[in-house]
Amino acid sequence: MTQISERLLVQAHLDAKQPKPLTAEEEAFYRREIAAELKKQNAVLVAHYYCDPVIQALAEETGGCVSDSLEMARFGNQHPAQTVVVAGVKFMGETAKILNPEKRVLMPTLEATCSLDLGCPVDEFSAFCDQHPERTVVVYANTSAAVKARADWVVTSSCALEIVESLMDNGETIIWAPDKHLGNYIQRETGADMLLWDGACIVHEEFKSKQLLDMKALYPDAAILVHPESPQSVVELADAVGSTSQLIKAAQTLPNSTFIVATDRGIFYKMQQLCPDKTFIEAPTAGNGAACRSCAHCPWMAMNTLERVLTGLRQGSGEIHVDPALIPKAIKPLKRMLDFTQAARMKVAGNA
């Protein structure tokens with residue numbers, strides 16, 4: 001695979017596209033205009049926790065959704081709006097379109113991709129799966145529509161453990177793609193027989209245990225929150241490990257007043273909103289300043305700007321199209337995930 005060289009090329013491409021900061025007046029203008037366009041077009045804005053705070057705030061203000069990728073998929077599927085504007089990365093827009101082929105799905109930019117998606121080309125992955133036909137294919141949501149169509153199950157980080165445990169209980173062996181760190185974490189937690197694809201997130205892979213230990217020494221009373229896309233040595237230092245929504249819940253429920261957070265810093269918007277009396281500190285990345293590749297913020301998530309949201313709504317640009325031949329194949333593993341998580345929710349509610 002050529003993932004490392006691909007990352008460097010993509011980063012160079014992104015460096016030329018960093019958005020310029022807006023004045024307070026410009027920001028207020030865009031927020032008003034976007035809200036009006038959403039209402040006019042019967043559209044709803046859904047945003048991921050890793051988007052910039054202004055995008056998350058706008059989604060909340062306009063009756064949309066700020067959540068992890070599982071809830072984004074569920075919300076877009078259930079909301080009556082005819083247009084869904086997805087502020088996130090491309091696989092999220094594709095997922096919304098697969099689940100809602102009759103709706104118009106827009107994204108602020110179609111260039112917002114994901115290193116996990118890039119690192120799992122469908123031809124290579126299909127060939128890998130064909131070599132192990134006896135295994136159940138489980139793919140992370142951070143993959144293309146074509147890769148999802150090759151899978152038996154799609155999972156997000158908030159439901160991956162439970163789904164893999166269920167498959168393991170049924171005696172199934174697994175192919176896992178694309179994030180090797182998340183796959184390794186699930187394998188350790190469940191003991192499942194898993195073949196792991198060799199992919200990684202450019203944000204989470206930058207967290208390193210030495211720097212995290214150094215920071216913990218500065219804040220000895222802080223709890224460490226870690227996303228399982230991080231390397232094992234980082235995960236092992238965590239007081240809580242989980243998806244974005246699970247880390248937010250941990251911040252609310254743990255008694256600590258200070259947290260060191262090893263995930264994309266976009267999550268701080270929701271953590272600070274829900275826990276205004278607590279302090280959140282970015283976990284250090286492997287590099288400092290200009291030396292780090294992501295500096296704890298996904299460069300593709302940062303491409304979701306107010307200007308691009310408004311332009312997309314007014315011009316209809318950034319519309320997501322998925323090959324109609326892929327949709328029936330890709331919707332099956334997605335529906336399995338949604339049905340599984342819905343059944344789990346109902347079970348929890350019944351036991352409450």
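Cβ atoms here come from the backbone N, Cα and C positions, even for glycine.
Since this is a predicted model, take the numbers as computed values, not measurements.
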Q. Which of S69, S126, S209 shares the iminosuccinate site with H48, Y140, A141, N142, S157, H227, P228, E229, T244 per Swiss-Prot?
A. S69
Q. Of the candidates C114, C120, which does Swiss-Prot annotate as part of the [4Fe-4S] cluster site that also includes C201, C298?
A. C114
Q: Give me the Cα-Cα distance between C298 ([4Fe-4S] cluster binding site) and H48 (iminosuccinate binding site), rounded to a whole Å.
A: 12
**Q.** Local Cβ density at N142 (iminosuccinate binding site) - other Cβ atoms counted within 10 Å
**A.** 30
Q) Around C201 ([4Fe-4S] cluster binding site), how many other C-beta atoms are within 10 angstroms of its C-beta? A) 24
Q) Taking the Cα atoms as reference points, how far is C114 ([4Fe-4S] cluster binding site) from H227 (iminosuccinate binding site) in Å? A) 16
